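These come from TrEMBL:
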- 8-313: domain 'Acyltransferase 3' (DOMAIN)
- 12-33: transmembrane segment (TRANSMEM)
- 45-62: transmembrane segment (TRANSMEM)
- 83-105: transmembrane segment (TRANSMEM)
- 125-146: transmembrane segment (TRANSMEM)
- 158-177: transmembrane segment (TRANSMEM)
- 183-201: transmembrane segment (TRANSMEM)
- 208-228: transmembrane segment (TRANSMEM)
- 234-253: transmembrane segment (TRANSMEM)
- 265-286: transmembrane segment (TRANSMEM)
- 298-315: transmembrane segment (TRANSMEM)
Amino acid sequence: MDRPDHIESLDGLRGFAAAVVLVSHITLVFPELGPLPWLDIGTEAVGLFFALSGFLMAYLYGSRPVTRETVLDFLVSRFARIYPVYLAAVCVVALLSVVPPLAYPQPIAGLPDFLLHVVLLGKSGVFWSVPPEIQFYVAFPVIWLFLSDPRRYQAIGFALLAVVAVVSLLGFPGPGILLHAKLPYFLFGVLAGRIHVFIAARQPSAAVGVMAILLLAVFFAAKFIMAVPPEPFWGLHTAFASAMIVALVAREHPLTARVFASPPLRFLGMTSFSLYLLHVPVMYLTRESLSGMMPTPLLVALTLVASILAAWIGHRAIEAPCRLKLVALWRGSLLRQEMLRRPFVLSGRRAPDANASRR
């Protein structure tokens, strides 16, 4: 099926979610501003990130054959995309954490905690959301196998549903850094991504654009307008809502595309991962460096601008070049050639021999 792989509005949605996380931490860096409940919306944005990951993996890879080559290249690509800038951010926070006068608000406490973060099992600050993301990528080839032939691999589908049912009944137990606690967000995103493949060619109606805007507004405002205390955020209800928002925005009705496909939000989307990881240390260092030199509102604005600038630098200097370099090294490595010497097909058509073009 012919379809464009790139959905500009999802770049903007990712940028929007990163911006929400950014502003949600204003009171963390500026506690003197007092409680600002209307800024307590960062968790909702992370739910969108998880659903976006599920959507994009299913949309981009779900129709491709599942072979040793495609799976290995997928895993290396995902690792190269995430780990270099993640490790850089962990090192920055670890350094800030050992400077006593700073009293960094989300420290990495000592060498054991640092090593946990290095091996993607840490949970300080925003880093807690990276382990389930990585775990989803590791598990995705199994989901991918199911998507390639649902009838043949229906046991995988039922097993995934069973896991969701069990963890839902148990109230999503265990630490949030483990995949099972966030699996519904990724799986609802996967479902939305596969549906999008089959409806992408049809023009969306005006109702799609209206529903996207309304659902997005309710998603972030629900806990402020409910007469009773809201339920805990993490659960099937918000997983479904997160995936619905992603699915509706992906349809790119002009009503939503004017916003989410706009250059500013797409720029934030391009740098979103670096912005997500680096904004707290950058905001905090900016505040500590310039505190008392200007009015607090101006300083808050400056910390936000500094975070966006640092994210752009992180993307250009670390994230993008490291990804390209690591992927290139992998593709030219003897290890890859050795692992692909006897390619086999798990599902779909047989992938061409990696060495065929050299014969």
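Heads up, the Cβ atoms here are built off N, Cα and C, so glycines get one too.
Values in this document were obtained by computation on a predicted structure and should not be read as measured data.
Of the two recorded stretches, the transmembrane segment (234-253) does not lie close to the transmembrane segment (298-315), with fewer than three CB pairs under 8 Å once pairs fewer than 6 apart in sequence are set aside. At the 8 Å Cβ threshold, with sequence separation of at least 6, the transmembrane segment (125-146) lacks contact with the transmembrane segment (208-228), having fewer than 3 such pairs. Through the fold, the transmembrane segment (83-105) approaches residues 28-29, 114, 117-118, 120, 122, 124-125, 127, 130, 273-274, 277-278, 280-281, 284-285, 288, 314-315, 318-319, 322-323, 326 of its own chain, all at least 6 residues removed from its boundaries and within a Cβ separation under 8 Å. Within the chain carrying the transmembrane segment (158-177), a Cβ under 8 angstroms from the stretch's Cβ atoms is held by residues 121-123, 128, 131-132, 143, 146, 183-184, 187, 234-236, all 6 or more beyond its ends. Across all of the domain 'Acyltransferase 3' (8-313), the predicted model scores a mean pLDDT of 94.
Of the candidate ranges 12-33, 183-201, 208-228, 298-315, 12-33 contributes the most Cβ pairs within a distance under 8 Å of the transmembrane segment (265-286).
Cβ atoms under 8 Å from those of the transmembrane segment (183-201) belong to residues 1, 3, 47, 50-59, 62-63, 136, 143, 147, 160, 163-164, 167-168, 235-236, 238-240, 242-244, 246-247, 250-251 of the same chain, restricted to positions at least 6 beyond its ends.
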